[in-house]
Amino acid sequence: MNRIDAHGLKIAPVLFDFIAGEATLRTGIKPDAFWAGLAAIVRDLGPRNRELLAVRDRLQARIDDWHRIHKDTPFDISAYTAFLTEIGYLEPEPETRQIETANVDDEIGKICGPQLVVPLTNARYALNAANARWGSLYDALYGTDAIAREAGEAKGYDKARGDKVIARAKAFLDMATPLANGAHADVAGYSVLNGRLSVTLRNGDTTGLKAETQFAGYQGDANAPSAILLVNHGLHIDIQIDRAHPIGRHYSAGVADVIIEAAISTILDMEDSVAAVDADDKVLVYRNALGLMNGTLTDTFEKSGKTLTRALNPDRVYTAPDGGQLTLHGRSLLLIRNVGHHMFTDAVLDQRGAEIPEGLLDAAISGLLAIHDINGVSKRRNSRSGSLYLVKPKMHGPDEVALTCELFARVEAMLGLRENTLKIGIMDEERRTTVNLNACIQTASKRVCFINTGFLDRTGDEIHTSMEAGPMIRKGEMKTQPWIKAYEDWNVDIGLIEGLPGRAQIGKGMWAAPDRMADMLAQKINHPEAGATTAWVPSPTAATLHALHYHQIDVRKRQQELKAGGRRARLSDLLTIPVSHSNWPPEDVKQEIDNNCQGILGYVVRWIDQGVGCSKVPDIHDVGLMEDRATLRISSQHLANWLHHGVVTHDQVMDSFKRMAVIVDEQNAGDPLYKPMAPGFDSVAFKAACDLVFRGREQPNGYTEHILTERRREAKLMAQAARAFSGEADTGSPRENATRQ
């Protein structure tokens, strides 16, 4: 590659051209000024980035030594806590101080609801997520197991199933927006009279809403509106009325659908759900982000023999009760997740020819792209408060948060953005951040817009941090351990006392089974009940259904109750290490190995061979689960731990990998791009899976990215060589990195 030199940086041509020809257009930023600013950031902050990574390694070595020394003595939580304090792992908790974050959008500070995470490498999925602000409740109930399917249901539209859906939707309306008299199922017609909702029942009586303030607006003629807009707990409900519609003509009041606010916010992901290993991949990520920031992104595709084009939805316009115009945001508020401090990219090399910290590049380009939105260039405005929300993952403690804040300040200065334009979302997914969360938040007190728990990454770090303490319990038992409950409560407790409500989100993790919506409806209500203002969902449909929970729970009221009750989580529980003192029967050990190996292979083979960073992967029981690098981290670290402590042998794990490869091959038999791993077991993907376990203990903090990146680059080079040998044009990856939802 003939790199382009700019201010001491050596830049991949594809990235250089993107900045000059696309990213800087209509921003007022000259490409040369951008590279000069980035060069200064790399020069000044690059060494600090590397030093903080060295601190991680030094602390891990000290902890490993402590566990080796105390291996044959009963675990002493007091001695352990004192040790963590002595080495600087556990820092003094600062006095409580309210955050000062300003200029946040209502989706961050006021509205509680679901949050999507979508890979930025796939334009169509990113557009679907951005447009998932509003979702059809009828479709979500009809098309999933939220309502159990009966034997003999008709193909296409089944009237009996449709009746159940409509009954469920009307029961929801009765719960969220009850009438003063009667039920929504009894309504013969909706109209607007003197700025109030007038409801005619089938018996001829007239009523209204029990709480008249829940009427927010309408579309069409006041006497025969085409839509009625209601609101509950800050979330809007759009009752679509069309008596000529195939659904509406069969039911009272002509209700054709109930559209509800669903994905209030969406994280555009540059990190765990993408496989971006080189400059070409990074430019794909950045180009899609640009299209979302300036409102021009489209995606054209074939479906059922038709050519369809997706674009960002417009805002929704209603007549307000007072006769004025009410405009509601038509799209999910977009946040961007950059990579962590531990990642480096060859898209740009420094003066020494070394890869630069990838997070520096992500922050600089994210800030540049946001100018298209902040300065009003965008056709579809994202932030109306003039902020950019950057989620920063995998930070270890307040010093690393401080580095991110300084980086954001430098980006603002180089781009001429208002101070504190760049907000920080703190992923509470590493153990040292958890135990020092109060200090982390205060370090970013003028920028923090989000804290979030992530069970899987957090468990991966739990295992790696205490690798020398002993064999860990079985993976499925982790959610019952004292540390995990303390972790979830600790995050909310600290978020409340630090004053996040009204200024920042308090988030919870992903529902990983996109086909099990009945289970999600039964279980994920726990997140708003826990005081979380948002929680992750795997699809737009899941967002629509999870939104129902925020109508059931008044999160702001629940937060006040929790805050009044005082802090619940204890540090001693948080530091309780999930080691096992059991001897498992051989069949349990085999089951654990097989489950882990199958999950690792099912995810890694798509990552390496096809560049798919997040997808629905069938587990060993053929249940589709959303997999990304977080799920891979826990599985690989768990097996590495059991190997290290002699619970399993190298031969047992390798035997399982080979048996599971056959199963994974069978599960992917319908994919024309899939490359089988059996019977040779010598593919790059199979080797990568083995590396993740057999080299797992030596990976910094148990991260999987370094091995995946190394092996994906190898696979891409092999594919390029094969195309060159056959005389084919080099078209890159056979498939965009995509979430199969």
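Cβ coordinates come from backbone N, Cα and C, glycine included.
Per Swiss-Prot, the candidate among ARG161, ARG168, ARG310 that belongs to the acetyl-CoA site alongside VAL117, ARG124, TYR125, SER273, PRO538 is ARG310. Cross-referencing GLU419, GLU429, GLU488 with the glyoxylate binding residues that Swiss-Prot gives (ARG337, GLY454, PHE455, LEU456, ASP457) picks out GLU429.
Sequence-distant neighbours of PHE455 (glyoxylate binding site) (same chain, six or more apart, CB under 8 Å from its CB) are MET478, LYS479, ILE484, GLY509, listed in sequence order. In the three-state DSSP scheme, ARG310 (acetyl-CoA binding site) is classed as strand.
Between the C-alpha atoms of VAL117 (acetyl-CoA binding site) and ARG337 (glyoxylate binding site), the distance comes to 9 Å. In the structure shown, the C-beta of ARG337 has more C-beta neighbours within 10 angstroms than that of any other entry among the binding-site residues ARG124, ARG310, ARG337. Under 8 Å, Cβ to Cβ, and six or more positions away along its own chain, ASP457 (glyoxylate binding site) finds ASP272, PRO393, LYS394, MET427, GLU429, GLU430, ALA630, ARG633, ILE634. The acetyl-CoA site in the record is lined by VAL117, ARG124, TYR125, SER273, ARG310, PRO538, and its two most distant CA atoms lie 21 Å apart. ARG337 (glyoxylate binding site) falls within a strand segment according to DSSP.
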